Amino acid sequence: MAKASETERSGPGTQPADAQTATSATVRPLSTQAVFRPDFGDEDNFPHPTLGPDTEPQDRMATTSRVRPPVRRLGGGLVEIPRAPDIDPLEALMTNPVVPESKRFCWNCGRPVGRSDSETKGASEGWCPYCGSPYSFLPQLNPGDIVAGQYEVKGCIAHGGLGWIYLALDRNVNGRPVVLKGLVHSGDAEAQAMAMAERQFLAEVVHPSIVQIFNFVEHTDRHGDPVGYIVMEYVGGQSLKRSKGQKLPVAEAIAYLLEILPALSYLHSIGLVYNDLKPENIMLTEEQLKLIDLGAVSRINSFGYLYGTPGFQAPEIVRTGPTVATDIYTVGRTLAALTLDLPTRNGRYVDGLPEDDPVLKTYDSYGRLLRRAIDPDPRQRFTTAEEMSAQLTGVLREVVAQDTGVPRPGLSTIFSPSRSTFGVDLLVAHTDVYLDGQVHAEKLTANEIVTALSVPLVDPTDVAASVLQATVLSQPVQTLDSLRAARHGALDADGVDFSESVELPLMEVRALLDLGDVAKATRKLDDLAERVGWRWRLVWYRAVAELLTGDYDSATKHFTEVLDTFPGELAPKLALAATAELAGNTDEHKFYQTVWSTNDGVISAAFGLARARSAEGDRVGAVRTLDEVPPTSRHFTTARLTSAVTLLSGRSTSEVTEEQIRDAARRVEALPPTEPRVLQIRALVLGGALDWLKDNKASTNHILGFPFTSHGLRLGVEASLRSLARVAPTQRHRYTLVDMANKVRPTSTF
């Protein structure tokens with residue numbers, strides 16, 4: 001409805017869905033299309049014009065200026081969007097409404113009509129030489145025409161797949177601008193009558209993000225035939241369609257679709273499917289985004305004329321009819337068209353994704369979301385618009401965090417927060433040998449990971465959900481006791497039959513895994529899967545069991561399956577990162593990075609990322625990651641100590657610089673002396689400095705209160721060891737520390 005570029009005019013439009021791939025050399029234009037299925041009930045699905053937003057200014061209506069902030073925030077406040085200008089409706093009028101010959105096709109058979117040849121100029125109206133149907137590409141309404149005694153036509157604003165679209169003023173409502181669109185092609189009188197009767201349900205569609213239907217009217221054309229028109233709200237602004245080669249930033253595109261998904265959800269809730277989502281059918285106004293062009297809306301599972309746009313329309317629609325899954329497909333294709341360089345063939349977008357597109361390589365979760373949304377198997381797509389919206393929000397948080405460097409944490413609707421941390425003490429723990437004389441492991445264990453990972457939240461629709469909520473935070477043994485009581489009816493006050501519950505046996509599996517009884521948990525999981533199939537929660541616990549048994553390849557496969565299902569979730573990413581680290585796979589870097597950059601409350605990811613970077617030789621990057629742990633975290637001190645150890649440990653003296661030694665010392669010095677591990681890290685830093693000084697020279701400026709000389713550092717190491725000896729847990733270790741202090745002390749001179 002707003003003014004559009006030449007490129008927009010040449011883009012895909014609404015057409016009947018092809019029942020089979022055309023083999024003819026002639027290609028129909030990419031407008032919204034339909035396929036007719038005469039063997040099914042033919043309700044609610046009739047041709048309609050698409051809003052092709054090509055306009056040129058003519059004259060101007062009076063407008064009232066308003067002061068608005070120059071930007072607004074979408075996507076839950078995560079994305080800043082410039083406000084669209086408020087456009088005068090009359091600026092949308094076309095001064096010369098002509099359909100180019102290249103876009104003239106028969107409305108009935110789809111063959112080219114009205115084309116010029118070497119001898120004659122193409123006629124704007126006539127009869128199709130192939131099927132004999134009448135066609136006309138001339139406007140049926142002219143400026144000044146009064147439709148239904150109420151709507152004064154001002155002119156054409158676009159041409160859709162089934163005719164011209166007009167701007168009119170409602171003389172009964174203070175000259176309010178409206179849009180008139182033909183219901184079906186004017187050459188089909190019977191379809192006109194049916195459309196007027198069948199499309200009345202659209203008037204009941206009321207949603208703030210959907211264009212409002214005001215009326216259905218008829219007007220006699222110049223041949224004396226009645227033509228039905230739908231009268232709709234005029235939506236000023238601009239469509240999301242961009243010129244060829246122009247793409248939106250991923251965050252912006254996601255924010256737009258998050259505004260539209262509630263409208264689709266509303267339609268689905270009242271048994272309708274939109275059918276024709278694409279960038280040109282989403283209008284960005286000064287105040288909001290709106291779906292326009294309801295001509296393709298139909299009832300779920302209805303057949304007849306099924307409208308959509310090739311390249312956006314789900315391939316199975318000719319078999320299944322319109323479904324929620326076919327609408328989900330169009331959301332994925334719309335996102336892809338807005339952000340990716342999609343290849344075209346015969347004037348339409350090719351199915352699938354260009355896997356080498358840099359956007360997909362940059363935003364892994366975004367690519368996973370698109371692949372699920374457009375999965376060729378409709379059963380594998382998001383099941384509802386709400387589910388897709390939740391995952392899209394999670395992906396948006398990742399994208400914005402990656403783009404800005406600022407974490408954007410959010411609560412999951414299907415996973416609990418991490419139950420604890422893992423790997424936080426790994427690097428500093430080996431310095432505990434100073435404290436107790438015991439050698440401490442520096443590797444992750446599967447048990448440590450499993451007890452820390454998030455767990456799937458209880459499905460609120462499960463028959464046992466109300467009982468299970470009380471056991472979520474219980475210890476494993478208590479959980480098993482509660483579940484046994486539930487099975488015997490002790491917790492069932494309402495007489496509910498728990499035999500059909502999926503969550504109750506799943507809670508048992510979780511408790512058994514936490515207790516380390518993997519064999520019994522696996523048997524229960526297999527029994528449950530035999531009854532209900534491998535649902536995603538079962539797949540999650542299967543991966544956990546495989547992680548505990550050391551089957552890292554299978555665990556990775558099944559955690560990945562969960563991630564592909566819910567690409568906006570951080571829980572499977574953290575699980576994959578930890579599994580990869582146990583397996584010695586360098587991929588942990590990628591997933592630890594994603595989790596940490598998105599949510600700086602997942603401390604395990606920070607320490608995991610630091611370990612990964614340190615293993616790659618990137619000590620600077622590892623320390624930088626540890627420095628990102630916020631001071632409000634209870635692991636802040638451990639992060640500072642770990643950064644000091646990272647700077648010095650596991651390296652030869654030739655790899656260490658004086659500045660790195662002093663940096664480690666500053667980190668220790670900044671910590672409170674009451675921190676239990678400060679003494680041992682002081683000893684480590686001073687001892688490392690002493691070893692380094694044997695082969696290098698340094699300034700004599702003090703470090704941790706001692707001169708940076710051999711004599712000064714020996715005094716420092718001695719003092720640290722004697723302090724540790726005073727708090728040693730055993731007499732034997734105390735003597736060991738005192739012996740070490742005596743050996744390192746500088747030689748006394750008299």
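Cβ atoms are placed via backbone N, Cα and C, with glycine included.
Annotated active site, proton acceptor per Swiss-Prot: Asp276, in sequence order, evidence recorded as sequence analysis. Under the heading ATP binding site, Swiss-Prot lists Ile157, Ala158, His159, Gly160, Gly161, Leu162, Gly163, Trp164, Ile165, Lys181. The compositional bias 'Polar residues' annotation in Swiss-Prot covers 17-34. Summarising the annotation, Swiss-Prot assigns domain 'Protein kinase' to 151-396. If you look up Swiss-Prot, you'll see Thr63 marked as phosphothreonine. The region 'Disordered' annotation in Swiss-Prot covers 1-66. Taken from Swiss-Prot, the feature repeat 'TPR' covers 536-569.
Under DSSP, the residue listed as 'active site, proton acceptor' is assigned to coil, being neither helix nor strand in the three-state scheme. Averaged across the domain 'Protein kinase' (151-396), the predicted model reaches a pLDDT of 90. Taking the C-alpha positions, the distance from Asp276 (active site, proton acceptor) to His159 (ATP binding site) comes to 16 Å. All protein chains included, Ile165 (ATP binding site) registers 27 other Cβ atoms within 10 Å of its own Cβ.
Residue counts for the repeat 'TPR' (536-569) under DSSP, helix first, then strand, then coil, are 27 helix, 0 strand, 7 coil. Asp276 (active site, proton acceptor): 29 other CB atoms within 10 A of its CB, across all protein chains. Ile157 (ATP binding site) falls within a strand when secondary structure is assigned with DSSP.
Ranking the binding-site residues Ile157, His159, Gly163 by other CB atoms within 10 A of the CB puts His159 at the bottom.
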